[in-house]
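Colleague: Dumping the structure here so I can ask a few things about it.
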Amino acid sequence: MKDHSAKLTVLKILSDGSFHSGESLGSVLGISRAAVSKHIKGIQLWGVDIFRVQGKGYQLAQPLCMLDVERIQQEVTNPVELHPIIDSTNQYLLDRTESLESGTVCLAEYQAQGRGRRGRKWVSPFGANLYLSMYWRLDAGMAAAMGLSLVVGVAIVEALEGLGIEGVKLKWPNDVYYQDKKLAGILVEMSGQAGGAANIVAGMGMNIAMKDRDSEVDQPWVTLNEVMADDHIIDRNQLSIAFIHAWQQALRNYEQVGMQGFVKRWNSVDNFINRPVKLIMGQKTVTGISRGIDDHGGIVLETNQGMETYIGGEISLRNNE
Ligand code: ATP
Ligand code: BTN
């Protein structure tokens, strides 16, 4: 892995919000001003806004409160790894399921290859969002893995509610929505089976403070900052702790009671319940009124032919109002 320590040190120094001259940054790192300037350009490519004022030096355009793995680790029993710069937190865990303890969490500040379903890109600028994945050894095996994005979705909404953040909803099967815009995406992946158990990695990318400028996202999206309305800065460490607790509890609960324990909870926060939607399955499209999920986590549509249930990984649900 490339060594990013100089850039991360620069960011840590700048995160106090003050100006720092190229000379002072260079002397901390033992490098020239020109080398500092090169690192600043690299940091800007991660999506961080830094400007330079003649005679004063560099300053961050927005406050940056970096993730603090020690603080998170004090509050949770799961092993937590923070890799500020990574390709993908999901991929990191998938590559190591043989050696990791079930429940291990991987967090990052920036993903170079963040991904969504079917290999789509997940936009992941530095420090602006939350990229969190958890490895779970699911004794019930692969068949039970289908429902996991729904279970994790319920856990995310309930964790936010626990922090006083209301109005966040779910879109089947893997999106977190607020006022019809995407706030977060969930990606559940598998790295094969060990005996009867399935090695699962669940990952979430949640937009916290991402700016329009940063993103080439081609659908409506929203940040948690906007959801909060007031000016209070969201503590991503506190959020991470809340999500780790909620996921751990939900996954254990799912292993004990299965999907049944989540159907009511999921339907109570379904963004599209009782609204016209269409399901896109390759070339085929089905339209109807969404009636929420059934006991197996399939989406139920009231169509002209009656109630129909759809389940599977290759289906996209869209608003059809
Ligand atoms: P579906 O899963 O129903 O097909 P989707 O369009 O949400 O719908 P996903 O694969 O789940 O598709 O998510 C990837 C998509 O999410 C990308 O194609 C892009 O449009 C969008 N996206 C990427 N990064 C972000 C982000 N940071 N915030 C919101 N949306 C994003
Ligand atoms: C989606 O909406 O398709 C799911 C997006 C999932 C993004 C998260 S960010 C953390 C984890 N690592 C990844 O590469 N993807 C997931």
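Note: Cβ is positioned from N, Cα and C throughout, glycine not excepted.
Summarising the annotation, TrEMBL assigns DNA-binding region to 22-41. Annotation comment: TrEMBL describes Ser88, Thr89, Asn90, Gln111, Arg115, Gly116, Arg117, Lys182 as biotin binding site. Here TrEMBL flags 64-255 as domain 'BPL/LPL catalytic'.
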Colleague: Near the DNA-binding region (22-41), which same-chain residues lie under 8 Å Cβ to Cβ, leaving out any that are not at least 6 residues past its ends?
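Modeller: Sequence-distant neighbours of the DNA-binding region (22-41): 6-7, 9-10, 13, 50, 52, 57-58.
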Colleague: What is the number of other Cβ atoms found within 10 Å of the Cβ of Asn90 (biotin binding site)?
Modeller: 29
Colleague: How many of the residues that make up the DNA-binding region (22-41) does DSSP mark as helix, as strand and as coil?
Modeller: 17 helix, 0 strand, 3 coil
Colleague: So what's the average pLDDT for the domain 'BPL/LPL catalytic' (64-255)?
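Modeller: So the average pLDDT across the domain 'BPL/LPL catalytic' (64-255) works out to 93.
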Colleague: What's the number of neighbouring CB atoms sitting within 10 A of the CB on Thr89 (biotin binding site)?
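Modeller: Total other Cβ atoms inside 10 Å, all chains included: 27.
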Colleague: What three-state class does DSSP give Arg117 (biotin binding site)?
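Modeller: The residue in question, Arg117 (biotin binding site), is helix (DSSP, three-state).
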Colleague: Based on a Cβ-to-ligand 1 distance below 6 Å, what subset of the binding-site residues Thr89, Asn90, Arg115, Gly116, Arg117, Lys182 would you report?
Modeller: Gly116, Arg117, Lys182
